[in-house]
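Visitor: Sharing a structure, written as structure tokens. Questions coming.
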Ligand code: GLU
């Protein structure tokens, strides 16, 4: 299969220093594999409520200013809903998706009754309330039957799903215990990231996922869905995060500001900052294209890409 990488931004805000790291890393990873490999961009606007109008186009312009141009026209998740419908229908047919009528409050109350009260920053592990029916409530979401799927997989008998990240090494997660039956689609329409990303990565032939480390703990859920849908599992590399002044992951809340790509010098400076986060040397070139080309062999050495 043709080696394929992708950058998959959500158009909830402009590209900031953290997202540029993921974009640059996924681009370098593809280029380090040689001219046959493809770098794709997917605008992840499936969660329509959080997306800002015009932001997808803005991000594409910022990437282009940095010389990060995709090998094919970008795709937009909002134009692909029939693929997600088909995947959900398949999971329903397999008995692996069920409707859930619980609100957040219902889930918190059920967890409290079980003596597992939800803490504000902790994961809200779904307690399985609607597994055996909606109990007269209207459906609010479709959930993946994690425990049911895991119990039918001999390899998951121990409960943990393990995978190897190209930077972080071996990672394990007990999805039923740590996450529970996760949402595939909300009843009011939006598709969950987990389902859309799995369907799209497979359909775009993505062989190598390179993205920010904040997303690493979604990977086990995505591998479960790939297995349930009979889709291949790509390789994964999660890149270091850029921290805000408060030490947290850079986000709009703690001052992630848009990168400045208004001039070629500014775009080069933004790329250079992202390259340092990845452990690459400072650019000696005077513009983006030669700087990018200069980092490709360095990336190959550092991250052990197949040439
Ligand atoms: N759309 C996700 C984000 O911007 C990234 C998804 C991915 O790379 O798998 O956080």
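Positions of Cβ are set from backbone N, Cα and C atoms, glycine also.
TrEMBL labels come from automatic prediction, so no person has curated them.
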Visitor: Give the range, chosen from 234-238, 239-243, 244-248, 249-253, that TrEMBL lists as motif ''KMSKS' region'.
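Guide: That would be 249-253, the stretch labelled motif ''KMSKS' region' in TrEMBL.
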Visitor: Hey, TrEMBL has L-glutamate bound by 6, 7, 8, 9, 10, 193, 211. Any idea which of 44, 160, 178 it lists too?
Guide: 44
Visitor: The motif ''HIGH' region' (9-19): which same-chain residues, six or more beyond its ends, come within Cβ distance under 8 Å?
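Guide: Result: 41, 43-45, 47, 50-52, 55-56, 58-59, 62-63, 212, 241-242, 249-252, 256-259, 270, 273-274, 277.
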Visitor: About how far apart, in whole Å, are the alpha carbons (Cα) of residue 9 (L-glutamate binding site) and residue 100 (Zn(2+) binding site)?
Guide: 29
Visitor: Tell me the Cα distance separating residue 126 (Zn(2+) binding site) from residue 211 (L-glutamate binding site), rounded to the nearest angstrom.
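Guide: Cα of residue 211 (L-glutamate binding site) to Cα of residue 126 (Zn(2+) binding site) measures 26 Å after rounding.
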Visitor: Three states by DSSP: which one describes residue 193 (L-glutamate binding site)?
Guide: helix
Visitor: Can you tell me which of these binding-site residues sit near ligand 1, meaning the Cβ is under 6 Å from at least one of its atoms: 6, 7, 100, 130?
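Guide: None, as no Cβ falls under 6 Å.
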Visitor: If you draw a 10 Å sphere around the Cβ of residue 193 (L-glutamate binding site), how many other Cβ atoms fall inside it, taking every protein chain shown into account?
Guide: 20
Visitor: Far apart in sequence but close in space: which same-chain residues, 6 or more away, have a Cβ under 8 Å from residue 126 (Zn(2+) binding site)?
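Guide: The answer is 100, 102, 107, 143, 179, 180, 181, 182.
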